[in-house]
């Protein structure tokens with residue numbers, strides 16, 4: 001009988017208890033994961049469902065005084081015509097309730113309302129734009145969002161800067177670009193304002209904002225430019241995230257900035273650049289067979305670093321809010 005170990009009843013009972021504990025732990029873990037998955041599915045089900053849009057008029061001062069990296073001359077009349085067409089798509093074709101704020105000649109960049117606020121659910125974070133000349137843009141935005149009965153959080157820390165153009169919300173989490181206009185403290189305050197979501201930071205090596213080369217094209221779909229800085233940023237986002245994203249790569253970085261919505265009776269909607277601006281990128285968008293594709297011209301505002309998402313703050317407002 002040498003070499004055969006005798007195992008006592010007490011040891012057997014102990015092993016059974018360990019097995020039961022492991023089973024209970026694994027079961028609890030699976031139940032937790034299932035609950036988290038269901039919660040995320042609920043959040044994702046509403047991704048892109050918007051009811052309201054806040055926009056603002058173009059001041060004459062935009063043509064000469066707006067901040068820019070290009071020295072191209074802006075055709076003010078054409079810029080206003082393009083913007084009116086953009087607003088009309090939101091209001092008439094897509095049926096959103098549009099809140100139009102008046103242009104302010106003392107704020108040449110004020111049409112780019114996205115930088116003044118980040119709205120998610122019923123919470124609106126009033127930002128502290130990175131360019132000092134743009135800080136007063138938040139005042140009228142705050143009042144408009146108050147009138148929509150959103151919960152207002154203000155970024156009052158003087159060490160923080162945040163432009164909404166650096167904030168990519170995927171429906172699952174936030175990515176915040178660390179750029180010339182947005183810093184770490186700004187990202188931290190955003191994370192504090194939207195505690196239900198993970199927040200990761202991404203260095204913006206080139207371009208004005210994170211969304212100068214990317215945007216969402218649908219649930220789990222990131223549209224990304226093909227440049228090396230854009231692809232590096234995407235790689236960082238993929239590494240930082242616990243979620244898997246599909247990607248749609250377009251040849252032109254700025255063409256990657258699109259406006260995605262998921263609307264009743266319309267389904268997936270994508271506002272994107274025109275073939276006149278970026279013909280090769282438009283060919284890529286045409287592969288999205290399940291989307292309503294709406295080309296919107298942005299030839300003038302792009303000269304002052306404006307993109308499609310820059311020109312509206314989209315809001316999903318429940319009837320009971």
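Note: Cβ is positioned from N, Cα and C throughout, glycine not excepted.
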Listed by TrEMBL with 67, 109, 114, 115, 134, 181 as binding substrate, from among 302, 304, is 304
Where residue 181 (substrate binding site) sits in the secondary structure, as DSSP reduces it to three classes
coil
Have a look around residue 109 (substrate binding site) and count the other CB atoms within 10 A of its CB, chains all included.
26
Using the Cβ center of 67, 109, 114, 115, 134, 181, 304 as the substrate site position, which other residues in that chain lie within 8 Å, going by their Cβ?
66, 112, 129, 131, 137, 163, 165, 208, 305, 306, 310
Sparsest-packed of the listed recorded positions (304, 310) - C-beta count within 10 angstroms
304
